[in-house]
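Annotated features in TrEMBL:
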| type | residues | note |
| --- | --- | --- |
| ACT_SITE | Cys260 | active site, nucleophile |
| BINDING | Asp30, Lys35, Thr86, Thr121, Glu155, Lys263, Arg327 | NAD(+) binding site |
| BINDING | Phe152, Leu153, Arg154, Glu155, Lys204, Phe249, Leu250, Lys251, Ala252, Gly253, Gly257, Lys320 | substrate binding site |
| DOMAIN | 313-414 | domain 'UDP-glucose/GDP-mannose dehydrogenase C-terminal' |
Amino acid sequence: MNICVIGAGYVGLITSLCFAKQGNRVICVDKDIEKVDKLNKGIPTIFEENLEELLNECLTSKTIFFTKDIHQTIRDSDVIFIAVGTPEMDNWDVDISQVTEVINQISYSINDYKIIVNKSTVPVGTQKYVKELLIRNGVSKDKFDIVSNPEFLREGKAIYDFLNGDRIVIGYDSEKAKMVMEKLYSTFNTKVVFTQPEAAELIKYASNAFLATKISFINEIANLCNKVGANIETVAYAIGLDKRISPEFLKAGIGYGGSCFPKDTKALVKIGEKNECDFKIVNSAIKVNEEQRLLPVKVLLDKYKSLKGKVITILGLTFKAGTNDIRESPSLFIIEELLKQGTIIKAYDSEASPEIKQIFPNIIYCHSLYDSLIDSHCAVICTDWEEFSTIDLSMLKKKMKNPMIIDGRNLLDLEEVKKNNLQYYSVGRGNWINY
Ligand code: UDX
């Protein structure tokens, strides 16, 4: 099948490569000529497991091509995927102006029947809006069908997730479009859910909001564990043994970040508001997360009263391990608050995107984990990088001014911590050790 993907960002690039790998001819369009050139040369533009190999495999087999020429690409394609950004606005609404722009371009270029598939995360009702916009732009009703096909990709595991997802969701309102989508996904060994476009759009938000709620729930239980002396790991393990609950997303810590959960939970609340549905649970999950990510600051203030002049080491800047993405990372909120308190921040993350230096130009970026600990009054583990769980604690003790760790991801072994006589706070594994 001739497929065109508009947008070579995270979702667009993964979608393009995975469809190309399945034997389709894919053209991926992006406005950014630098990005297009890099990708055509086999240079990855995002940090993602197995991306470079897959990109080069598809370029060699000539199943993928990147271009800036949207007009010709639309004309040459049977199926057009829209994978452009839908950022959050200040009022929690979703900005779909890039989707509108693409639809206007399609309206101009369309020559014969196309299936237009929306992969971007968009508010419920967008399929309908897009349809109306095309008609308003003068495109005849028999020239297109609009399908909603949300993605459920985890950063770092996106290629694996695309090819081995738990489900593929397709919202359609035409049998012709359903047949084409069925054929397109026939090579995937994944359950396909066919439904109305509104349901498909909602499934994406409901899934992310449910997972975010699960995290906030376990974080509240962890905070209680700290008070009553229970261990969250045992509690979460035992809860998760119930198949109706499942063990996934029960890892307590300093909250969720990333490009999806924070944005999608707020968007769902907003969509609810517009439809007179008050999402109390999701609203609370958002509030719990906002408080949870500042837990290390609260702990530090309890200990030191004033943080002025204290040297604090931030271990991990990305929102989770396996990515260079710092969007909505808990560490950003922690650093911001600690700077307000007058601390000196030393940070270490070997992968974090260089964008971080624009956000915080005045903190000290260290090139080695152990250098970042020199003269520090406390190390705060913000990201679950493997490197931090295998840290040499006796070396850490030698480097730090005061050997104190706030382990925001529960990475360290409690026995090792005790053996090394460190001051240690983790999330729900008993309150302070050696304090
Ligand atoms: C998520 C969804 O998993 C994916 O299906 C969707 O399409 C996009 O959003 P992603 O943002 O890449 O993917 O990250 P994910 O691995 O789900 O983790 C999100 C955040 O939750 C991270 O900050 C992570 O550290 C945190 N988390 C996750 C926890 O705090 N505890 C857990 O048990 C799981």
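For all residues, glycine too, the Cβ spot is worked out from N, Cα and C.
Annotated features taken from TrEMBL, shown on the structure.
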residue : record                 : Cβ contacts under 8 Å, 6 or more apart
Asp30   : NAD(+) binding site    : Ile6, Gly7, Ala8, Gly9, Gly12, Val36, Phe66, Lys68
Lys35   : NAD(+) binding site    : Ala8, Thr45, Phe66
Thr86   : NAD(+) binding site    : Val94, Asp95, Ile96, Gln98, Val99, Ser120, Thr121, Val122
Phe152  : substrate binding site : Asp161, Gly165, Asp166, Arg167, Lys204, Ser207
Glu155  : NAD(+) binding site    : Tyr10, Glu48, Gly258, Ser259, Lys320, Gly322, Thr323, Asp325
Ala252  : substrate binding site : Ile218, Asn219, Ile221, Ala222, Cys225, Ile232, Ala236, Asn410, Val427, Gly428
Gly257  : substrate binding site : Arg293, Phe319, Lys320, Arg327, Glu328, Ser329, Pro330, Leu332
Lys263  : NAD(+) binding site    : Pro87, Glu88, Val94, Thr121, Glu328
> Within 10 Å of the Cβ of Arg154 (substrate binding site), how many other Cβ atoms are there?
Replying inline: 13
> Looking at the recorded positions Leu250, Cys260, which one has the fewest other Cβ atoms within 10 Å of its own Cβ?
Replying inline: Leu250
>> Checking proximity to ligand 1 here: which recorded positions out of Phe152, Glu155, Lys204, Cys260 have their Cβ closer than 6 Å to it?
In response: Phe152, Glu155, Cys260
> Does DSSP give Thr121 (NAD(+) binding site) helix, strand or coil?
Replying inline: coil
>> I need the CA-to-CA distance for Arg154 (substrate binding site) versus Cys260 (active site, nucleophile), whole Å please.
In response: 9
> If you average the pLDDT over the domain 'UDP-glucose/GDP-mannose dehydrogenase C-terminal' (313-414), what number do you get?
Replying inline: 97
>> Give me the CA-CA distance between Leu250 (substrate binding site) and the residue listed as 'active site, nucleophile', in Å, as a whole number.
In response: 18
>> So the record assigns Phe152, Leu153, Arg154, Glu155, Lys204, Phe249, Leu250, Lys251, Ala252, Gly253, Gly257, Lys320 to substrate. If I measure every Cα pair among those residues, what is the longest distance in angstrom, as a whole number?
In response: 24
> Whose Cβ, among the binding-site residues Lys204, Arg327, has more other Cβ atoms within 10 Å than any of the rest?
Replying inline: Lys204
